[in-house]
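Engineer: Take this structure, written in structure tokens, and hold onto it; I'll ask about it next.
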């Protein structure tokens, strides 16, 4: 949709789709490594179209013709030319060996070589400048190829205009000095040296805000987009909801209330095991957010760098829209499991159990979102996510009671969010009236013995303390997510560094190349008898060539 009109269909959008040849795949996903989408050339054109359709008046485009044929490149450049002339915009475009008809579409030419600006001015005057230096464009030679080769030491000699004068190589640095002293360079210098007159400029000429819309509009836009994405991924969320219901049903049949009775510590340990499994299940449900965020990071980084919206708005919206889903999972899990297993039959304890599951799921979602935003790679994020789950489970207070953890790992036990979740749901259950029967083991209640066997406290305030810590963890994790999205950049692949080509290096390479050629020639001559005479390659052209094909009888 056009970002100007905000409509699904507009004239500018349809025109750009038609020119770029994207109208045949306008309703197709772009795709990624896991989702099949448009082709590579179409993806390149999608990026170009995304930059064109919008309120931008200045565009910087580099090698947009990569992966495109010459006719498509011509159409795109022609579209950009019409865009510049009609909208009074500015486009700086770099193309790799454009065709002559594509080159003719440009208004001005900027020629850069070896870090110097050799020419900047009207396209029709570029040959006049090089003719003043002694170079001439030969017939049947493209201007773009001429400009690319005239600065090269290897190809410059063939463009020397006056054969009566000896050819002398003109380096790029001298060309740049000649351009500064020419009328084109002096005109450019005078234009740039003119002072800025603020009174003659329009008040809207310069942007005074970082983003194009207000914070409230950006919040609404991001929320609408997140809602649309959740609608597109509705199958995933519906499947996960049914998965929670199915796992809760299976768990309730394993820990069936007709087989469990709150009469001794053995049954109490079974209840505690069921509570721990529920906590672990909620932690695992948040693991899927890791891959979901990783797949969305490339688009986010692109929009962040183009100042679509600040990182904190995207982080807050993407977190808040997960809150209803966490509530749905907690309600489904509690409704299917709680009374079927036979936990404390109290409405208040049921709602506290549901609230603890909800807060735990929010903490798990925030934890894996944080790991994804810090790792920024699916393999690295999965590795750290699995390792964090292992540490959280081991130090959660059920697999190894807190009293049996080694002293040098006690600090990690206090940092484990699973321990606080386990304490909250355990206190909610084992402080009920039915667990206050005096145990046959000692003079304590059954609930007290079950809790202390696993190193869990028995004070009721631990429920609200555990829930508060989980909420604090969720807030801290989302703050880290916001900071990571705001200041970290995407992981990019390493690129080869091309050393700067100087005149001395070029001469050295030519000498080494001639030496290698002579060595190879002498080696071949020594291995074979006879000698190799020097020769000059000739180009032969045939005119009026006639040929005949015998037809079968």
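Each position is counted from 1, following the chain as shown.
From the backbone N, Cα and C atoms, a Cβ is placed for every residue, glycine too.
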Engineer: Quick check on the annotations: TrEMBL lists transmembrane segment for one of 166-191, 192-217, 270-295, 296-321. Which range is it?
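Structural biologist: Among 166-191, 192-217, 270-295, 296-321, the range TrEMBL annotates as transmembrane segment is 270-295.
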Engineer: Report, as numbers and ranges, which residues of the same chain sit near the transmembrane segment (270-295): CB under 8 Å and 6 or more residues beyond its ends.
Structural biologist: 32, 34, 233, 236, 240, 244, 247, 251, 255, 260, 262, 318, 322, 329-330, 333, 337, 341, 343, 357, 360-361, 363-369, 371-373, 375-378, 381-382, 385, 389, 392-393, 396, 398, 418, 421-422, 425-426, 429-430, 450, 454
Engineer: Sort out the residues at least 6 away from either end of the transmembrane segment (461-488), same chain, that have Cβ-Cβ distances under 8 Å to it, and list them.
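Structural biologist: Contacts of the transmembrane segment (461-488) (Cβ under 8 Å, skipping residues fewer than 6 from its ends): 300, 304, 310-312, 314-316, 319, 352, 355-356, 359-360, 362-363, 365-367, 369-370, 373-374, 376, 417, 420-421, 423-424, 427-428.
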Engineer: Please indicate, using numbers and ranges, the residues of the same chain that are 6 or more beyond the transmembrane segment (379-400) and have a C-beta under 8 Å from a C-beta there.
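Structural biologist: Cβ under 8 Å, 6 or more out: 272-273, 276, 279-280, 283-284, 287, 290-291, 294, 367-368, 371-372, 409, 412-413, 415-419, 421-423, 454-456.
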